[in-house]
Amino acid sequence: MSKRASNGMADIADPSRPKRPRREGAGAASSDHGDSDAEVDGADQAAGPGMAPTEVRSLGSKLLQAVKEAVDKDGRVQSDIFIKKPSKKSYPDYYEIVQRPIAFEDIQSKLAKGLYPTLQAVLEDFELCFGNAQRYNLEGSQVWNDAKDLLKVANKAYGKLMPRERRDDKKSKPPSMIKLLKTRLQKLVEKTDETGRVLSTEFMELPSRKQWPDYYLTIQQPQCFNNIFKRIKRKEYKNAEEFANDVELIFSNAMKYNLDHTQIWEDALALRNHFRQLMSDLPSPFALPKYSQPSAKIKIKPPAIQQSTSQATGVKDAGPSLTLRVPAASASKAPPPEPTLPVARNIAQPTSISRPATRPTAPVPSSPAFKAVNSPKLPIMKITASTRPTASPLPYGTQNVTPYPSTSYVTTPTSLPVPVVPAAPVPTSAAPVPAIAEPRAPAPVPVVAPAPPIQTATPAPVKVATPVPPNQHQLKCATVEIQPRGRTVELNHRDGVKSWAIRLAPGESRVIVKGVAFMNYRDDEEEESSDEEEEDEDEEDEDDMDVDTTPTKNGRAKKAKGKKRGRPPTRASARQANLKSVKKKSSKPGEIQVKVNSQVIKEQPEQPGEWDIHLPVGATSARTLEKDKNDENKVEEPILDVEEDDDVDGPAGEGENKKKKKKKKPKKKSGKPTQSDPPRVGLSKFFPDGNYPVGEIHEYKDDNAYRITSEEKRYDEKMAMEDPELTYANIRKAAEVHRVVRQHARKWIRPGMAMTDIANMIEDGTRALVEENGLEAGIGFPTGLSLNHCAAHYTPNAGDTNVLQKGDVLKVDIGVQVNGRIADSAFTLNFEPTYDALIEAVKAATETGVREAGIDMRVGELAGYIQETMESYEVEVGGKVYPVKPIANLSGHSINRYQIHGGKSVMLVKNNDQTKMEEGDYFAIETFGSTGQGRIVEGGECSHYAKKVDAPHVPLRLTTAKSLLNTINKNFGTLPFCRRYLDRLGESKYLLALNHLVQAGIIEDYPPLCDVKGSMTAQFEHTLILRPTCKEIVTRGDDY
């Protein structure tokens, strides 16, 4: 987990104020161009009508109070950061960028002294305050958004306090053309593409005559943006058309000189389209017809009311016309829609509509003959419509409608006996029919019944083939719980299918299978009983006949002693007789297994009978199989792989072989346990003696910067290792948990997964392996899953819908704690090779920091080594090369017990911090690299929180805040936590209480830390212990 504040770095001492670095390069205009979007020159505004000093003081105080009490949608007070001006020591560059700093305390002081002549002057100071904040901070950051919201609050409060007749009529003043043109040109040169690249870079200055002499031979009137900025500053443009012609000249020159569809040609085209869009909304005094988008208007004039009606009711005939304004059509018109048949609606038709009395003479196509198909009959939903299209009837087929809307069932075709049914007579009727005949089901083909068997005096005994018992028991029922939404799907054999296909919604990538049961011979008998009863009734209706019912023995029939009178054996009785002989051989379902993509998913040890399945992206191939004697019989089932091993079914030799296989199971229990996939088995089962793996050992360098320890120090270290409270065992256990969870996550995380699912998978594994027990063992801090330009402190809150994409760069930061000893390590994943160099640079910088760290090393000097390594790399994206920059205001950190950020920081840029690393310290060597500006600011919704180590004891007015603080103290102490953890503990509607604790200074909030949009950031981290005799990298693993 990153440390955003560091010792000895004055410019980042207070992280609550994100900075906005100055723009550099040709892609942005100079300070003369300005960056305000206001379209009214402030110099032209009047001071407002005079007011009494007491009235100004009273109304100004009300205005100030209204702004101070403003809160956002979460109940957070937005005005706290504007109460006082930033510290000159912490933010020296603020006073270089902002020429007239002002804060709420200054406005309150001026109100008390009576220095404001009007309430308008008070409002202007608020505008200055919020304008300074927006000028210094990056657009989109929390401070920038707060300033924007509070400015709206101030203007709204001013409108309520100031009588309308005494306000300044700003709308009556014409806007300044120079300001309008300057604002639009500034927006144009700041236009970027999807990667954050500024498009106007090549057009800011004219090409060099030495390098491009042919340019001035081809282009007669060269033009660039900086020349236009100078003309605007000197107010040389008499009208907007001259300005537009100069800007259009830049684009036409570029597209004329450069080849079509080259990069600069495409940039010019994109800028030209954007410029025309900006010019389309100029106010009416300066609007240009060639850029205006004509709005289509449709005038609808209702028909005149008939004279008779108007005279009877006394209503005038003439009425005003209606005008319907339609938005202007875009430049590219969509193709006309293809003609489609009208959709039938279930609307009752009026009975007054006349229908033909006789059948229409138009020929009606006869129904095609359909062949009988041996397939199970499923319920078919019949949908009838009152109106039908007039198109000619087309051949159609029956469609099976699934009985459940939430799941789609894939039926497995099976062969069923088709009863002999005589053809149904086609009824004839002379009743009137509609003009369009409704489609009719095909008439069944008549089937001729076979002739009855010829009776003989001594018929041969009826021989019925003994059914072979199936090797595979049919799935009877199962429950599938789809996470994270908790959607439940019940699977039951009574649905008439043997296979189920479930379509997952976006964000659903994990299922829990439970309640799995197979059918045994009793279930099979019950299912067949209803069919047998029907067949028995048919068989009993047959005539009596003489048969030989002598029982057989050993496959030979005994000699008949005489003829007996009776009925022939029916199929049902034969089946029952055979079923009795099969019952002895039938078996109960064996052990249940679940497979996904041919991989066995182990049963959850803490929840018997449940399987937690993390599904990969795309279609999941699944099978249900029970091996027969040749191990070849397989039955497929989508989503689930449920396998049962029958140890009794089949011949004796096969049963013996299976019993031999089961004898191997006790041997597995006696050996070393195996870890599940995903890992959910606690580490205490693998290391019952408590001796966890030692990390990678590095010897200290033999120079003046490191000490050579003596035998006495080695003895002291040995004694420390035997102390159960202060030993390295706790750190090593936490590191081993981290290694197992981390290695699984690196293999498992793939694009298309929801960020919430990734976080839950990692944290569930951490809790299971460390055997979570309150503050004694558990998660060290919320799992960081920062994406792309966000460098740190992002984890999904409840309801987060972000999904990992293929082009994303994901930073995964995991923390595990055992008795307050925290293992902190992070890595970066990417799924395309574009940013491989960035990841390699940050990883190499981390290795440099680990290698150079040691006793007596100055942290400022160590930062220089890290910076030198990282800056030796560069990244090429889209043909442009970006240097890899270390993020200057992020750092590694020392770790204390139950405190992730200790008192020492390892910056990523060389500095003069002379703080030494000491023996006994353990550090998180953490490096961040970026293709952007190399500085981060706070932005986005906050998810990370932690109780301050030196939290003050202050009275809390909210009862909910007191209760929430008790929950935090009990479950987290001073360890970081996130809102998902509070949700997991059953807390609800706690945001107001949480913000109250933050404002009281008890809880520290850690919003996401981001570089500029369009940039990419990477992170790597290892935890090491500075032992007296060596340094141990406890989180080192096979992966990195």
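Yeah, the Cβs are placed from backbone N, Cα and C, and that goes for glycine too.
For reference, TrEMBL has these:
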- H793, H901: substrate binding site (BINDING)
- D813, D824, E1021: divalent metal cation 1 binding site (BINDING)
- D824, H893, E926, E1021: divalent metal cation 2 binding site (BINDING)
- 523-547: compositional bias 'Acidic residues' (COMPBIAS)
- 555-568: compositional bias 'Basic residues' (COMPBIAS)
- 624-637: compositional bias 'Basic and acidic residues' (COMPBIAS)
- 638-649: compositional bias 'Acidic residues' (COMPBIAS)
- 658-671: compositional bias 'Basic residues' (COMPBIAS)
- 74-144: domain 'Bromo' (DOMAIN)
- 195-265: domain 'Bromo' (DOMAIN)
- 1-55: region 'Disordered' (REGION)
- 351-370: region 'Disordered' (REGION)
- 520-689: region 'Disordered' (REGION)
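The binding-site residues listed here (H793, H893, H901) include H793 as those with a Cα within 10 A of the Cα of D813 (divalent metal cation 1 binding site). Among the binding-site residues H893, E926, E1021, the ones whose Cα sits within 10 Å of the Cα of H901 (substrate binding site) are H893. Comparing Cβ neighbour counts within 10 Å across the binding-site residues D813, D824, the minimum falls on D813.
For E1021 (divalent metal cation 1 binding site) paired with E926 (divalent metal cation 2 binding site), the C-alpha to C-alpha distance reads 4 Å.
Counting only the Cα atoms, the space from H793 (substrate binding site) to D824 (divalent metal cation 1 binding site) is about 14 angstrom. Look at the Cβ of each of the binding-site residues E926, E1021 and count the other Cβ atoms within 10 Å; the largest number goes with E926. Per-residue confidence over the domain 'Bromo' (195-265) averages 91 (mean pLDDT, predicted model).
Cα to Cα, E926 (divalent metal cation 2 binding site) and D824 (divalent metal cation 1 binding site) are separated by 9 Å. Straight-line distance linking the Cα atoms of D824 (divalent metal cation 1 binding site) and H893 (divalent metal cation 2 binding site), rounded to a whole number, equals 10 Å. Take the CB of H793 (substrate binding site) and look out to 10 A: across all protein chains shown you find 27 other CB atoms.
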